Amino acid sequence: MRLLALVLLLLCAPLRAWTYSLRYGIPESAQVWSILVHLLGDVDNQLLTNLYPLVTGLDDEIDIQENLVALTSNVLRERYDKEDVADLLELYASLYPMGMIQHDISSNAEQDDANSSYFVLNGNRYEKPDDVFYLKSKDLTIQQKVPDVDVIQPYDVVIGTNSEAPILILYGCPTVIDSDFEEFNRNLFMEAMNGEGKFRFIWRSTCSLDGKSVEYPLTHPLEITLQNGSRMSSIPQLKKILYTVPKEILVGADNDDQLHDLEPEELRELDLRVTSLISEFYQYKKDITATLNFTKSIVNNFPLISKQLIKVSSVNKDIITSNEELNSKGFDYNMLGLYINGQNWKITSLTPYNLLTALKTEYQSLLKITNLLQELEPSKCILDSKFLLNKFSQFSLGKLQNLQPIKMDLHTIPGFSESVIYFNDIESDPQYDELVNSVQAFFDKSKFGELPEIKQNWSEIIFVIDFARLEDSEVKEALGGLVRAVNVVSQGYPQRVGLLPFSSDSDKSVVNKIYELKNSTDNLTELKSFLETMLLADGLSANAKHSKHIPVPDVFHLLDELQIDETSIIINGEIYPFRKNAWNYLIAKVIKKDTEFIRKELSNSSPKNKQISVRDLLHYKSANLRHNKYTPNYFADSVYSSVNNTALESVCSERIGYYTKNEEYNLLHTITLVDDFGSIHALKRLRNLLHTSFVGVRIRIIHVGDISDIWYQLRGSLSQKDPIGSINTFIDALKLKKVKSHTYKKSGLNQLGLHKWLPDIPLFELQKGSFIALNGRFIHLDQNEVPETEHFEAIIKREALRTIDSVFALDLLFPGFSQEIINPDLIEMISSILTRLFYQGTHIYNNGIDYTTESSLPRMDLSEFFRPNNLTMFEDGKSASIDLLLILDPLEERTQMILSLVEQFRPLKFVNIQVILMPTLELNIVPIRRIYVDDADIVKSITSEDSRSDPEVDIEMDVPNSFIVDNNYRIKKLLIELHSFSSKTVLSTGNIDGMGGVCLALVDSAGNIIDKTTTMKTFGYGQFHTDKFLKGCYIKSCDSRYTVQSFSTDGHPDFIPSDSLDILSYNPQKIAVKISEEPTHEEEYEEGRNNDTIINIFTILESGPDEEERYMQMILSILSKCPETQKVNFFILDQPFISDTLRKSCEYINSSDEMRGNVIFLNYEWPQWLRPQRFSSRRRDVSRFLFLDVLLPQNISKVLYMSPTEVPLDPFDIFQFQGLKRAPLGLFRMSGDGYWKEGYWEKMLRENNLEFYSTEPAFLVNLERFRELDAGDKYRIHYQRISTDAMSLVNIGQDLVNNLQLEVPIRFLKGSYKKKLVINDECVSEWKKKINKFASSPGDEDVPGESVSSKYQDSDNAAPLHDEL
């Protein structure tokens, strides 16, 4: 019977495997296993081993009909008491149908082998399942000698009972195509798990996403926007939506089918009324889940029930009091949003994928801390870890606010004071005689605003100006700013102003002249006059020639030390690139911050009447060395990893050495140098490190090269009091090549052990050479890079701050902790985890610097402020490791998304949901205009093919920014964002200007171009789109002026270039690209730009079939009159609502030689850094101008924008207009009376002698001139600046271009260009019949007369559209 059972099991096993669903071609077993490895790989390998037979279909008790995710979750809960892992598994499986593909696994399996199974032993490949039973003992013995660390890769799980047995590798994917996988797997498992355990094995899945379409159906929430006057009956599913509204609110609802905005008096207290209603509900139910559902049902359906809300609710005055109490504690509307243990998440980053990853990362990090705390006291639990994190956040918050960007005490740098030319001295100049020399001035009201009336040189602004670049507008503005500042301080303004002049070219005559005038005896009067004249004149070469060649300070060396290579401004020791739009703001910000810091320090430590040096107080923590790599401006620019010192055992103890200078002090800081110490560079690095003067520092070295006599001698020398002499001897011997050394191991260190030690650093980065690690801070070293001792000291000084904060926090958890002997391994690990959580808590994907204009808040300890009052503050009330705090204004559209998002994560038992309601006391605008539908069944109903809504209703699916959705609400493409910078630019959070106007291409592993983009200047932003998952792709330049020097998915100041990119999941992709300028091939670059035979027409459609019909009519009308010598390109912005019918119609046109036209769909998504535009119609309107420079191919020099009309203007006539030389835009003047003739507009236009222009029905653009003026960047920055006001830009596209005429001029088009095109009706009618027939035919029907070269060409590949281009 047992034999029969085994036979049946073997026969049924393949069936069991194939019953699992395939998603993107990935079997469910592979999906579930990859997720489990992702969740448990660093936590519980034994549990993974136990689950392996269940997941891969080897468990005899498995129900072959049961869903594998549900089955595995039940087993986790019932058999292993792993509720947390079970909940996370279900969430990951629902969001990642492809599983969690690990990017840094080197499979060793060829792509051609993806559909076959085999295993590898000793490098030999075995392709028959029965080969498992005939393995030779000799082969197993040879494999057994290979250390496990040389075999096991990240995310590998070793299956087998005998820990001494050799390891085999199984390759395969359990699909129908790979029919042998089940037998391979079963045979290996049986042999590995039997009593003897001849071997162990690892399964490395060959299931691949590479090249598979990303298309997938979605059921994300829908945003249904209804305008005032819309009829409820326009949405057939509205009755289903209303079922989600509480019945008590719908009581008394009238039968008025039409929606109306509320009157101002009805709006005023409505937010308070709704908050009162929610509060009353919670007080009755005492159930936060029910309360959140109740709140969501109101907020999501607000446009439908606003009238009823007025009738059913009244205002609880206690809520106003609660608001006031929150305000007194520092809470305001800028804090609205979602917080994970006090870590704020930007609203644009809130997606199910990001929130799930953030919760999992937070939870597992706290578990790691808990394990470490239990080494000190076994009774400690995960709540103690949360307490520790909160206290660390308290201590670190000040560091984040005051120590970035890095502040320099510049006067400690040799030569600085002698090089700066100061124009005033507050301590001695007569205009400051009325000031007082007492710090009490910081607490008194000042007539100078933030600057106190104190007679000290504590605050200074230094203009660093490149006088070789005065033609640059930024440099000119800097000089003008200096001249104005000098005039202001001469009137008694108490701020020191200085100049640090330099010249970036070989001509130093102007700089020499400036220093000559500095040394004159006229109290700088002549120098001031010289600078004023220079500002007004075109050049001063004549004046500068008379400069005497007197000795001048070595400014070039000084600026090299400060790493300044462009015109900059130094504000109280903080160095910023000078930008004319930002420098005044920066001065105000820094002075306000520093004044508050000094006031706080004086309050804590010093009597107010005491005379002290304010400057010394300001700079007592300042640096005296600036290095963008070792001590970057911002903590976010650094790379941090958690540290797992227990993994160092696998690295091999004989490769590790330690040195401590003084053991009298606790060793809080461990700096590790990982290097090949058989090289001169490595020994020099170590020598410089050993020269550091700090105590309390442990030095660890890890040798990655061959094990030899030199290494043993070096490691032995570390036990000496002063090993530097021995190291110098080794260096001298290596230089003279007199080293005789026996090599014991001719192999380098396997970096996999290092990856386990620093798990947040990608494996490929650890394999790229030497590096430094300091309590989790990671610094890669180039091959010949040798940091000086002062660099090591600067790194230690900077990073020590966070370690000391860790000790302070531990002191609160373990009183007296810092007074006892501290285990350096423990503090290294705990401080590294706390650092990563606090300083980079939102860097969950390790995808580099987040370039954004959106403000974000640091992690804060909000636990002390959250006090449930059952009125506006309530929570689950359970003790959980994660507090998920929602600070909400009930009547705000963001609240819809947050509540719907959080509902998905309520099953997580380790999450405690907290709510703070902060209603607007007086509403004056309609707060919510959209219905938010998150019920999956209703979403499916609305989005189904046979249940479309009225076209006048705007329906959008709320998907992550990286998802591009089609008209069937399926993922159509994935968005990949990039930021391009000059190879000379050091990447930093402070970077704003990138490389704009550069064409870049995304290329797959076979060399095929997937997509092209043109970059913006702001953040160097660009975007690619892919409709396939990709492995091994890369980025290259498609612009002959530039070359891609390097790129990385983890962009930071010292990033290690990636060899390739993998796009294998839904996680957001952000790529940093470094670009170098190549010699300009002007003729090659300009070729084909101007072609008079091609007319380019650009259009952005509104939604609805009527608009599409007008557009098609316009195309056919224009083509019916197209001369035989010309062709017309119709560019259209691709949008989700565009129908398949229109796409097929365009396909026909592109295939017709008769029509001489081409319709090109352009892809461009709203950039994440740009302030979102809520209403889609306004988004489309302003996009006509915001993205012109990056949306259209670079080889297009002239384009006509036309709104869809059945009888269009004559584009052939307008295109002949030659007046766009200085001005890039040609628009028709606005006629009649309107808002532009009153108020702000009337005044602005009159004072600047400007006209007001209309953007309808067409406008002409000289794209070459548009790009020369950086018009696109100017429009985007102007939009970003003024769109903070919800009432600005009422007619958004039209108002934007009219408002910026002084920077982007407009030329008027004569009224005669408004003449209508005379249409060939007969031709249009005939074409329509053919198109309609083709559009209604099956999708695979060929177009009559279609040739290979004329097939429809999508714009994903922005290649030239015609040979003429």
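Backbone N, Cα and C atoms are what each Cβ position is placed from, and that goes for glycine too.
Lifted from Swiss-Prot, the feature list:
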- 1347-1356: compositional bias 'Polar residues' (COMPBIAS)
- Asn115: N-linked glycosylation site (CARBOHYD)
- Asn228: N-linked glycosylation site (CARBOHYD)
- Asn293: N-linked glycosylation site (CARBOHYD)
- Asn457: N-linked glycosylation site (CARBOHYD)
- Asn519: N-linked glycosylation site (CARBOHYD)
- Asn523: N-linked glycosylation site (CARBOHYD)
- Asn644: N-linked glycosylation site (CARBOHYD)
- Asn870: N-linked glycosylation site (CARBOHYD)
- Asn1091: N-linked glycosylation site (CARBOHYD)
- Asn1150: N-linked glycosylation site (CARBOHYD)
- Asn1195: N-linked glycosylation site (CARBOHYD)
- 1334-1365: region 'Disordered' (REGION)
- 1362-1365: motif 'Prevents secretion from ER' (MOTIF)
- 1-17: signal peptide (SIGNAL)
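What Swiss-Prot annotates, mapped onto the structure for a quick look.
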residue : record                      : DSSP class
Asn293  : N-linked glycosylation site : helix
Asn457  : N-linked glycosylation site : coil
Asn519  : N-linked glycosylation site : coil
Asn644  : N-linked glycosylation site : coil
Asn870  : N-linked glycosylation site : coil
Asn1150 : N-linked glycosylation site : helix
Asn1195 : N-linked glycosylation site : coil
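Neighbour density around each Cβ, counted as other Cβ atoms within 10 Å, peaks among the glycosylation sites Asn519, Asn870, Asn1150 at Asn1150. All protein chains shown were included, and the count of other CB atoms within 10 Å of the CB of Asn523 (N-linked glycosylation site) stands at 10. Asn519 (N-linked glycosylation site) sits 21 Å from Asn457 (N-linked glycosylation site), counting Cα to Cα. Closest to Asn293 (N-linked glycosylation site) by Cα-Cα distance, out of the glycosylation sites Asn457, Asn870, Asn1150, is Asn870. Cβ neighbour count for Asn457 (N-linked glycosylation site) (all protein chains, 10 Å cutoff from its Cβ): 20. Ranking the glycosylation sites Asn293, Asn644, Asn1195 by C-beta neighbours within 10 Å puts Asn1195 at the top.
The distance from the Cα of Asn1150 (N-linked glycosylation site) to the Cα of Asn1195 (N-linked glycosylation site) comes to 20 Å. Here the candidates are the glycosylation sites Asn457, Asn523, Asn870, Asn1195, and by Cα distance the one nearest Asn644 (N-linked glycosylation site) turns out to be Asn870.
Nearest neighbour of Asn523 (N-linked glycosylation site) by Cα distance, taken over the glycosylation sites Asn457, Asn870, Asn1195: Asn457.
Rounded to a whole number, the C-alpha distance linking Asn870 (N-linked glycosylation site) with Asn457 (N-linked glycosylation site) is 53 angstrom. The average pLDDT the prediction assigns to the motif 'Prevents secretion from ER' (1362-1365) is 27. Across the structure, Asn1195 (N-linked glycosylation site) and Asn457 (N-linked glycosylation site) are spaced 56 Å apart at their Cα atoms.
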